[in-house]
Amino acid sequence: MDNVTATQLTPMNKKCNGGNSTNRELDIRIPFLVLIQQKRQNRLYIGMDLQSGAAVALPELLIDSASGTSHHLDSLHFPLHNTTDSVMLQSSDNKTGRWSNLLLAYKTLGVVFGGLVTSPLYVYPSMHLNSPTEEDYLGIYSIMFWTLTLIGVVKYACIALKADDQGEGGTFALYSLLCRNMNIGILSSKSSDVNSSQSRCVLNEDNKQKSRLGKVFETSMVARRALLFIAMLGTCMLIGDGILTPSISVLSAMDGLRAPFPSISKSLVEALSAVVLFILFLLQKFGTSRVSFLFSPIMGAWTLSTPLVGIYSIIHHYPSIFKALSPYYIFHFFWRNGKEGWLMLGGTILCITVVASQSLISATFSVIKQSVVLDYFPRVKVVHTSSNKEGEVYSPEVNYILMVFCIAVILIFGDGQDIGNAFGVVVSLVMLITTILLTLVMIIIWRTPSLLVALYFIIFFMMEGVYVSAVLTKIPEGGWIPFAISFILAFIMFGWYYGRQRKIQYEITHKIDLGRLGMLLSDPSVQRVPGLCFFYTKIQNGLTPILGHYTKNMRSLHKVTIFTTLRYLLVPKVSPHERIVVKKLGLRGVYACVIQYGYADSLNLEGDNFVSQVLDSLQEHIENCSSLPSDHMPVQEEISELSEAKTAGVIHVRGKARFHIGKSTSFFDRFMLAFYEVLHKNCRPALPTLGVPLPQCLEVGMFYEA
């Protein structure tokens, strides 16, 4: 899915002659707004900022509190109207009852908690103790208990879950949260010529007073790049370990068949594991919800039976196991085993790494979707498998690439214990990265007292740092595989980010405003040819420079040209009367159109239905509003011109920019931009995925100076 428009809210104190709505006069501009949504409790209206992918709060003055509507979404500083002079957007905060929540909790057994309740099983096979004593086992139990308690419960359940970004979690969600509050990102307001004091709209008044650390990130390019690199690396490491997760999970389960059936060979176990993984990945297209329904009964039975078996074993075999709750046995374990005990931390880390196939597969889909929406990853197909849960996604390309890698890991390693040696290496680094990002969130956003921040950082950074130092020793034993995958993915993400940033900077610098467009059209050599043209643009406060390139070289523009923007909303569906928003631009035959769609909508621009809807909206808009001062064209003549243009033929035009790498370009720019061109050439195009008929699709190429 291609990232959509960068628009602004610019309410104007102007009234349509024939309309009944009056707009409030405000001078608040919010760049890259793609969503307005109402929260249930405090009527907080949220907009999604494509600069960071995060939510921003809108001043209530912009909202009609009675109807919940916003006024004048505009990308060119002109009032934007639809047929009702407002855009009614759905709220994604649907009221859910008790049973819905219970059902959702039940389904998480097959995805999230399935990993947590099975992870401790992999600890002991990955640890090698010479003549272990009772106190050694108590030490290992104690390490597992306090690791699960401090990292699993305190850090993630009690702290990290509060740092979600509109329900999304992970390192990229934390990064986008920080970007929104520090006004940084791939498209900062400084690079978009919008006054930063006008464009910053934050969730609370306290954020107006920036912290010292926040100011450092705003002013230092090195700090911003370092933050982005950390977020990218954390995301890619999660995916890298996600390739090992299904492999070790399925292979270990299948290897258990050899205990009751010793005749089963190792090669047969590998073949069965590969078949199970193949079936598992084929099931992903049915959605996380349906797959979790398949796994939840199994994991539910496991979760209920494990405590019963544990209670029976404690009573009849080892009642004194509760001694392991004392941290004394941790210190005694390290004192007795020394370096060997430190190295065995690489095995105990498995108790918290969530070793479950479905959880990491779903997490990979989610982080790839976040990366694509934030424009940090090449476009891939993202399918929303649920009509009411925005987070349930599936990507065919990602799914089958994961499947190939997972099966390859089984064939290469062939043993669950060997995979266990490689497993957990990068997840421990992800935990450390999460600790760093959460610390920044506490300081910059939450304004947590310094003493509590220091206490949190010291405890978890030291604890996870020790784990990282231990698992790094696994790199020669196979841990290099997830590391290599992680750095390859990080390089792909950085290459895409670098190319997109350079392209956006060029487009902002060379954008075309309406004044320049008027000068181009007033040139006698530029002809207005018959027909209706949908010209797709994404530039804030202006039009793409490809328009000027097209007009100068073709010396023509269609009699009716509609500059069209696609806007992706974080709601399930956009109702038909709210989907299309139109306005006049004050030039003859030139209009603007915004097409809004939700994550469960099937956006298809094919056929006369879409064209007719746009023209009907324009006709009603023209009838309700008097012509702008620069356009004295009679209403009936203007409406007749729309109909004639449709009859003459419809065409959809999009730009396809490439970089011109000159001799003076540095080696680094040459390499990175060439790599970006390779990625861009092989990612999914924007228009064909929207169902635009190929005979009506025209791509206009242009070289951007590197």
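Cβ coordinates come from backbone N, Cα and C, glycine included.
These features come from TrEMBL:
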| type | residues | note |
| --- | --- | --- |
| REGION | 1-20 | region 'Disordered' |
| COMPBIAS | 1-11 | compositional bias 'Polar residues' |
| TRANSMEM | 104-125 | transmembrane segment |
| DOMAIN | 105-353 | domain 'K+ potassium transporter integral membrane' |
| TRANSMEM | 137-158 | transmembrane segment |
| TRANSMEM | 226-244 | transmembrane segment |
| TRANSMEM | 264-283 | transmembrane segment |
| TRANSMEM | 295-315 | transmembrane segment |
| TRANSMEM | 341-361 | transmembrane segment |
| TRANSMEM | 398-416 | transmembrane segment |
| TRANSMEM | 422-446 | transmembrane segment |
| TRANSMEM | 453-473 | transmembrane segment |
| TRANSMEM | 479-498 | transmembrane segment |
| DOMAIN | 530-704 | domain 'K+ potassium transporter C-terminal' |
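Sequence-distant residue pairs (6 or more apart) of the transmembrane segment (479-498) and the transmembrane segment (226-244) include at least 3 whose Cβ atoms are under 8 Å, placing the two stretches in contact. Mean pLDDT of the predicted structure over the domain 'K+ potassium transporter C-terminal' (530-704): 83. Only sequence-distant pairs (6 or more apart) were considered; of these, at least three Cβ pairs between the transmembrane segment (398-416) and the transmembrane segment (226-244) are under 8 A, so the stretches are in contact. Within the same chain, residues 122, 126, 151, 155, 159-160, 163, 171, 174-175, 177-178, 181-182, 207, 211, 213-214, 217, 227, 230-231, 233-234, 237-238, 240-241, 244-245, 248, 346, 349-350, 352-353, 355, 413, 452-453, 456-457, 460-461, 464-465, 467-468, 471-472, 474-475, 477-483, 486 sit at least 6 positions outside the transmembrane segment (422-446) and bring their C-beta atoms closer than 8 Å to a C-beta of that stretch.
Long-range Cβ contacts of the transmembrane segment (226-244) within its own chain (Cβ-Cβ under 8 Å, at least 6 residues beyond either end) map to 170-172, 174-175, 178, 184, 217, 353, 360-361, 363-364, 367-368, 370-371, 376, 402, 405-406, 409, 419, 422-427, 429-430, 433-434, 436-437, 440, 481-487, 489-490, 493-494, 497.
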